[in-house]
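Everything below concerns the one structure shown next.
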Amino acid sequence: MGSRASTLLRDEEIEEIKKETGFSHSQITRLYSRFTSLDKGENGTLSREDFQRIPELAINPLGDRIINAFFSEGEDQVNFRGFMRTLAHFRPIEDNEKSKDQNGPEPLNSRSNKLHFAFRLYDLDKDDKISRDELLQVLRMMVGVNISDEQLGSIADRTIQEADQDGDCAISFAEFVKVLEKVDVEQKMSIRFLH
């Protein structure tokens, strides 16, 4: 299987993915091997069902939301490039990246892009704001039936009251960023990938 992974990924593809995502050559080849092992249809793409076979996602209360983040609107398959773009949001920021070229595109693992990614997990209807109902749905996914609907409603109301600065009873991206300004998002939204 290891040889299959390395023969199907060309060096120029690896270089393009490195440039776009910041992953190292060895990380890309290792993740490609993982990608091909998940690709049960052996067609070079992953389906939602392929992702649902990953135990860590299957038990994660936000697993479905995370899985959906891998897929473009209306798509039911993701190729390796799209898979890597999404994973790049979770790549830790290295010290040498903090002083990167300011004129280049913002890295996918920047604080801003990590916040946009997290915001989209809550913004279920993609209207660029988190409503009380959306917050309730995500809270319900996270806590299950361990908290009453009344308690969840109280948590959602208090969260929106504290975050909502413009009085529209919803949380905009700017308000979301403000609430999380003291949170180490770079660390909390990072997964260590082996080199």
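Glycine too: its Cβ is placed from the backbone N, Cα and C atoms.
According to Swiss-Prot, the protein has these features:
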- D123, D125, D127, K129, E134: Ca(2+) 1 binding site (BINDING)
- D164, D166, D168, E175: Ca(2+) 2 binding site (BINDING)
- 26-61: domain 'EF-hand 1' (DOMAIN)
- 66-101: domain 'EF-hand 2' (DOMAIN)
- 110-145: domain 'EF-hand 3' (DOMAIN)
- 151-186: domain 'EF-hand 4' (DOMAIN)
- G2: N-myristoyl glycine (LIPID)
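Mapped onto this structure are the features recorded in Swiss-Prot.
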residue	record	Cβ neighbours (10 Å)
D123	Ca(2+) 1 binding site	21
D125	Ca(2+) 1 binding site	10
D127	Ca(2+) 1 binding site	10
K129	Ca(2+) 1 binding site	20
E134	Ca(2+) 1 binding site	19
D164	Ca(2+) 2 binding site	18
D166	Ca(2+) 2 binding site	11
D168	Ca(2+) 2 binding site	12
E175	Ca(2+) 2 binding site	19
Sequence-distant contacts of the domain 'EF-hand 4' (151-186), meaning Cβ under 8 Å and at least 6 residues beyond its ends, amount to 92-93, 109, 111, 114-116, 118-119, 122, 128-132, 135-136, 139-140, 143
CA-CA, which of the binding-site residues D123, D125, D127, K129, E134 lies nearest D166 (Ca(2+) 2 binding site)? K129
Within 8 Å of the Cβ centroid of the Ca(2+) 1 site residues D123, D125, D127, K129, E134, which other residues of the same chain have their Cβ? Y122, L124, K126, D128, I130, S131, A170
Do any residues, 6 or more residues outside the domain 'EF-hand 3' (110-145), come within under 8 Å Cβ-to-Cβ of it, and if so which ones? 61-62, 64-66, 69, 89, 93, 152-153, 155-157, 159-160, 168-173, 176-177, 180, 185-186, 189
With a radius of 8 angstroms around the mean position of the C-beta atoms of D164, D166, D168, E175, what other residues of the same chain does the Ca(2+) 2 site pick up? K129, A163, Q165, G167, C169, A170, I171, S172
To the nearest whole angstrom, what is the C-alpha distance linking K129 (Ca(2+) 1 binding site) and D164 (Ca(2+) 2 binding site)? 10
